[in-house]
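Colleague: Quick one: this structure, given as structure tokens, is what I'll be asking you about.
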Amino acid sequence: MDQVNQLKEKGNAALAAENFDEAIKCYTSAIELDPNNHVLYSNRSAAYAKARKYALALEDANKTVSLNPSWSKGYSRKGSALAYLWRFDESIEAYEKGLQLDPSNAQLAEGLENVKKQAMEAKIRSDALFEKLQADPRTREWLKDPEYVKMVKSVNPNDVSTIEPYMSDNRLMQTLSVMLSLNIGTPMDVDDPPAPEPKPAQPPKKEEPPKPKYDDLPENRRKALQEKDLGNEYYKKKDFDNALVHYNKAIESDPTDITFYTNIAAVFFEQKEYEKCIKECEKAIEIGRENRADFKLIAKAFTRIGNAYKKMEQWKLAKTYYEKSMSEHRTPEIKTLLSEVEKKIIEEEKKAYIDPVKAEQEKELGNEYFKKGDYSTAMKHYSEAIKRNPDDPKLYSNRAACYTKLAAFDLGLKDCEQCCKLDPKFIKGWIRKGKILQGMQQHAKALNAYQKALELDSSNAEALEGYRSCSTQLNSNPEEVRKRAMADPEVQAILRDPAMRCILEQMQQDPHALQDHLRNPDIAAKIQKLLESGLIAIH
């Protein structure tokens with residue numbers, strides 16, 4: 001699972017750096033190792049959506065929902081992908097399903113509101129499109145063809161798969177040009193002015209070269225963003241040294257942009273220079289605060305610090321910075337990271353508390369109070385001993401004795417089961433379990449416990465006495481035995497099974513048939529249950 005988490009984090013870093021292909025590659029590799037991890041499909045769905053591969057984004061969102069139908073974020077991913085594909089009714093349904101699972105989820109509520117607006121805008125754009133098609137002499141004639149109308153309604157410039165079926169239709173390009181002039185796929189101005197009247201043909205103008213990127217920005221800002229873009233290209237190629245050169249040049253031109261610092265931190269993180277990553281993120285937060293950066297960018301810097309501390313296995317510091325990130329911008333991903341480190345902290349605290357010497361001291365104190373009849377105080381000392389040495393089966397046996405004296409049979413039984421699990425050859429654990437089950441009037445189960453003890457030592461007096469007592473109790477009154485057995489839901493289910501009834505009838509007619517049936521583990525277990533209940537006997 002460590003490899004899966006590493007690939008997931010690598011994918012998250014690539015996604016944050018807008019390296020969508022690399023993110024998809026990382027998530028795909030993680031999925032190959034852990035194909036039932038719904039979070040991985042969710043993350044890859046987000047990467048596909050960012051890469052404008054909306055059909056694949058929907059496919060992964062559907063897989064997320066199928067793996068974990070109760071996880072509300074899966075429906076958010078599904079709703080988003082469906083909206084990109086213009087399937088607005090289905091998108092609304094997905095968001096509403098997510099809100100049924102998590103009514104207070106602000107992200108789902110916002111997504112639902114947005115997709116409803118998009119659906120309304122799409123209707124307006126569709127009406128405007130048909131008006132333009134009706135105004136054009138060529139497309140006006142084509143609208144008389146039902147197949148053409150079908151094409152217009154189904155084609156979405158955002159989704160190549162909707163265009164491919166009509167590539168051989170000569171009318172497609174004319175239609176797409178009209179659709180794109182209406183900015184289909186993005187919000188449009190409802191009061192879009194009518195198309196100008198066609199002008200006489202003019203000689204073709206010499207094409208002007210495109211304006212350089214960021215040409216409209218101040219020189220320092222333009223240079224900074226160009227350097228950042230160069231840095232990103234090197235980052236994608238994993239040429240981290242050159243990436244750092246360009247990110248630092250970006251800072252020289254514009255030292256106020258928080259993203260330049262967080263990008264440098266991302267490089268240090270990839271290079272496993274976690275201390276440097278942390279310092280750069282701290283600088284980013286300071287710069288961001290001074291220049292009123294978006295709180296989401298501040299949260300991202302805190303998260304990266306948390307990730308660095310997590311890699312260094314400094315769980316408490318990681319927790320602190322994840323909490324700071326959550327205070328800036330709450331996301332399910334950070335909540336998951338926070339839960340992971342909180343579990344690690346608990347595990348580490350438990351490990352640090354283990355001390356067999358102190359456990360033995362607490363056990364001796366428990367024994368002293370038990371002899372005095374102060375079972376409550378004895379139990380507290382045994383509990384402390386268990387915390388100090390949770391793998392010692394005798395401690396659970398001792399505490400079970402206290403619970404028995406205090407008539408807390410259910411808690412005593414739980415301790416006996418743990419004791420026997422830790423050391424199946426510890427005979428006292430089985431005997432104690434048998435006594436507790438007797439006290440709970442579960443004589444058949446107590447008989448089994450004593451039988452386990454006798455398998456370890458056939459001459460043990462306590463086990464023999466318990467076994468005889470349970471046998472007598474189970475078989476003393478046939479009518480009581482029958483009533484008790486028939487009240488057991490497990491026995492009732494066995495007797496209602498037509499196949500078991502046939503087997504029992506066969507056993508009456510031919511006792512030798514029993515050996516054949518006992519070869520089947522399921523049937524053998526059911527016959528054993530009937531034997532323990534006293535309803536049947538084998539002679």
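Cβ atoms are placed via backbone N, Cα and C, with glycine included.
Just lifted these from TrEMBL, have a look:
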type: REPEAT; residues: 4-37; note: repeat 'TPR'
type: REPEAT; residues: 72-105; note: repeat 'TPR'
type: COILED; residues: 105-132; note: coiled coil
type: DOMAIN; residues: 126-163; note: domain 'STI1'
type: REGION; residues: 184-220; note: region 'Disordered'
type: COMPBIAS; residues: 204-220; note: compositional bias 'Basic and acidic residues'
type: REPEAT; residues: 224-257; note: repeat 'TPR'
type: REPEAT; residues: 258-291; note: repeat 'TPR'
type: REPEAT; residues: 299-332; note: repeat 'TPR'
type: REPEAT; residues: 359-392; note: repeat 'TPR'
type: REPEAT; residues: 427-460; note: repeat 'TPR'
type: DOMAIN; residues: 488-527; note: domain 'STI1'
Colleague: Across the whole of the repeat 'TPR' (258-291), what does the mean pLDDT come to? Round it, please.
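Modeller: Mean pLDDT for the repeat 'TPR' (258-291): 94.
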Colleague: Go ahead and report the DSSP secondary structure tallies for the repeat 'TPR' (359-392): helix first, then strand, then coil.
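Modeller: Helix/strand/coil tally for the repeat 'TPR' (359-392): 28 helix, 0 strand, 6 coil.
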Colleague: Report, as numbers and ranges, which residues of the same chain sit near the repeat 'TPR' (427-460): CB under 8 Å and 6 or more residues beyond its ends.
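Modeller: Same-chain residues near the repeat 'TPR' (427-460) but 6 or more away: 393-394, 396-397, 400-401, 403-404, 407, 409-410, 412-413, 416-417, 419-420, 466-467, 469-471, 473-474, 532-534.
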Colleague: Can you count helix, strand and coil residues in the repeat 'TPR' (224-257) using DSSP?
Modeller: 27 helix, 0 strand, 7 coil
Colleague: Using a Cβ-Cβ cut-off of under 8 Å, list the residues of the same chain that are 6+ residues beyond the ends of the repeat 'TPR' (359-392) and lie near it.
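Modeller: Sequence-remote neighbours of the repeat 'TPR' (359-392) are 350, 353, 398-399, 401-403, 405-406, 422.
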Colleague: Do you know the DSSP helix, strand and coil residue counts for the repeat 'TPR' (258-291)?
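Modeller: Counting residues by DSSP class gives 30 helix, 0 strand, 4 coil.
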